[in-house]
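K.L.:
Below, the features straight out of Swiss-Prot:
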type	residues	note
TOPO_DOM	1-24	topological domain 'Cytoplasmic'
TOPO_DOM	46-70	topological domain 'Extracellular'
TOPO_DOM	92-99	topological domain 'Cytoplasmic'
TOPO_DOM	121-131	topological domain 'Extracellular'
TOPO_DOM	153-161	topological domain 'Cytoplasmic'
TOPO_DOM	183-211	topological domain 'Extracellular'
TOPO_DOM	233-292	topological domain 'Cytoplasmic'
TOPO_DOM	314-348	topological domain 'Extracellular'
TOPO_DOM	393-402	topological domain 'Extracellular'
TOPO_DOM	424-441	topological domain 'Cytoplasmic'
TOPO_DOM	463-484	topological domain 'Extracellular'
TOPO_DOM	506-524	topological domain 'Cytoplasmic'
TRANSMEM	25-45	transmembrane segment
TRANSMEM	71-91	transmembrane segment
TRANSMEM	100-120	transmembrane segment
TRANSMEM	132-152	transmembrane segment
TRANSMEM	162-182	transmembrane segment
TRANSMEM	212-232	transmembrane segment
TRANSMEM	293-313	transmembrane segment
TRANSMEM	349-369	transmembrane segment
TRANSMEM	372-392	transmembrane segment
TRANSMEM	403-423	transmembrane segment
TRANSMEM	442-462	transmembrane segment
TRANSMEM	485-505	transmembrane segment
Amino acid sequence: MAEQQLGVLKALDVAKTQLYHFTAIVIAGMGFFTDAYDLFCVSLVTKLLGRIYYFNPESAKPGSLPPHVAAAVNGVALCGTLSGQLFFGWLGDKLGRKKVYGLTLIMMILCSVASGLSFGNEAKGVMTTLCFFRFWLGFGIGGDYPLSATIMSEYANKKTRGAFIAAVFAMQGVGILAGGFVALAVSSIFDKKFPAPTYAVNRALSTPPQVDYIWRIIVMFGALPAALTYYWRMKMPETARYTALVAKNIKQATADMSKVLQTDIELEERVEDDVKDPRQNYGLFSKEFLRRHGLHLLGTTSTWFLLDIAFYSQNLFQKDIFSAIGWIPKAATMNATHEVFRIARAQTLIALCSTVPGYWFTVAFIDTIGRFKIQLNGFFMMTVFMFAIAFPYNHWIKPENRIGFVVMYSLTFFFANFGPNATTFIVPAEIFPARLRSTCHGISAAAGKAGAIIGAFGFLYAAQNQDKAKVDAGYPPGIGVKNSLIVLGVLNFIGMLFTFLVPEPKGKSLEELSGEAEVSHDEK
């Protein structure tokens, strides 16, 4: 049976790149577009939420979210994502990739819309319902990580597998960029329709009641691309590797792949479903798994964990860093819509110049340079640029040096995406056995989200000024932006060291990497 299985799958490994591969990239990629849009668009509207729901007419500064509310709004979706990665990763191996794949998209669509419809008679009610729906939004997003990566890896040929998985993940960059463009468009329209004075001129009128629609429209827009691809996602057949290696139905796998690849794949009549090699039936918590893949799983979880502390803290709190260096004007000198526009413009510029190009550089070079070198170099360059920003921080905050700061800051994002942010997603979908692939990817991704939660909650407090008089309302003094950036640089360096635990999958079949090809070799 092993030879038949590998014979069927060899057709996938050597298949020429064709239309169906690109169709799969678009179908899976649109899920990731929505993932990134929904996770990161909240950073564009948190200051607006503070102005609307926590306005204090006696304060010289516009309203801001209290520390616990800001932490919840920024972090609750990440908590949901972590849970979803573990649950749907496990379910994808138990029930099959296709059966679970549509469910994650439905959750993302419904909860995106529901988040924008958050309600309540007072601020607490609105924030509570928003956090509730964003948790379940994150739960659906979490399922998309292991399923999209696993499906794309199992459909791809071995020559361009890395580029295909990276292309799916690169849609995350497009989603981040789209969030910025949507926020720019919506805030511009509302500014023309409902002009308002700055906060310094008139505190109450600086936030017209109509701006409450701005954040709701921005949040709900993420449901649109996901809804457009739902039909096509449900039409995708189960992956041949799951059908053959896990469900043990070679005949069905062959039929599915013949349709997908538009070619005839020969199948011998001898199908011995009852033949099982005990060496290939070890479980996740077995000694055999520990021996074969224990260090690999440690490598994928640790590097993703360390990377996401830095990546998410930087992404979610760009607005705070830009405000600290003076690239975004002081809040009191703007009205509510102007502030959304300025934050969106800054984040869009970073995404356009560094985040998005980084993703596509990975797509272009991953199957020539290899995953290991890209990840190692990415962590190294992130460390270098983070320290280059942090140690002379007082130099960068001078008005004449702000452009230099933005360039250096952009380069850390470029090498995150042409580096570990992409490779930590790709490698776990390649190196584990088919029956545990989705589960192990989910575990690796969940470790990453644990890091993201630390980044989201920790950086919020850590980046506060060391001077009590300069901290944001409700926060204790922190270690400051400079020291926070130094900590992130150290974490990037540690991530570089843990990269040595991760194998290089370039040019190898999934069965070679997972050890599932060993039975065939032994039988010969």
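Just so you know, glycine gets a Cβ as well, placed from its N, Cα and C.
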K.L.:
Should anything in the same chain at least six residues away from the topological domain 'Extracellular' (183-211) have a Cβ under 8 Å from its Cβ atoms, list it; otherwise answer none.
P.N.:
41, 44-45, 48, 51-52, 55, 57, 59, 61-62, 217-218, 331-338, 340-341, 343-345, 348
K.L.:
Considering only Cβ pairs within less than 8 angstroms, which of the stretches 25-45, 132-152, 162-182, 349-369, 442-462 has the most against the transmembrane segment (212-232)?
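P.N.:
The stretch with the most contacts is 25-45.
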K.L.:
Quick check for me: are there 3+ Cβ pairs below 8 Å between the transmembrane segment (100-120) and the transmembrane segment (349-369), leaving out pairs under 6 residues apart?
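P.N.:
Stretch pair does not touch.
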K.L.:
I'm checking region-level scores; what's the whole-number mean pLDDT for the topological domain 'Cytoplasmic' (92-99)?
P.N.:
92
K.L.:
Would you kindly check 71-91, 293-313, 349-369 and say which stretch has the most C-beta pairs under 8 angstroms to the transmembrane segment (132-152)?
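P.N.:
Comparing 71-91, 293-313, 349-369 against the transmembrane segment (132-152), the winner is 71-91.
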K.L.:
Take a look at 162-182, 403-423, 442-462 and tell me which one has the most Cβ pairs under 8 Å to the transmembrane segment (293-313).
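P.N.:
Comparing 162-182, 403-423, 442-462 against the transmembrane segment (293-313), the winner is 442-462.
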K.L.:
Ranking 25-45, 71-91, 372-392 by the number of C-beta pairs under 8 Å to the transmembrane segment (162-182), which range is first?
P.N.:
25-45
K.L.:
Take the C-beta pairs under 8 A between the transmembrane segment (25-45) and each of 71-91, 372-392, 403-423, 442-462, 485-505. Which stretch has the highest count?
P.N.:
71-91
K.L.:
Do any residues of this chain, six or more beyond the ends of the topological domain 'Cytoplasmic' (153-161), have a C-beta under 8 angstroms from a C-beta of it, and if so which?
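P.N.:
Residues packing against the topological domain 'Cytoplasmic' (153-161) from afar: 12-17, 20-21, 24, 97, 239-242, 260, 367, 426, 429-430, 434, 437, 505, 507-510.
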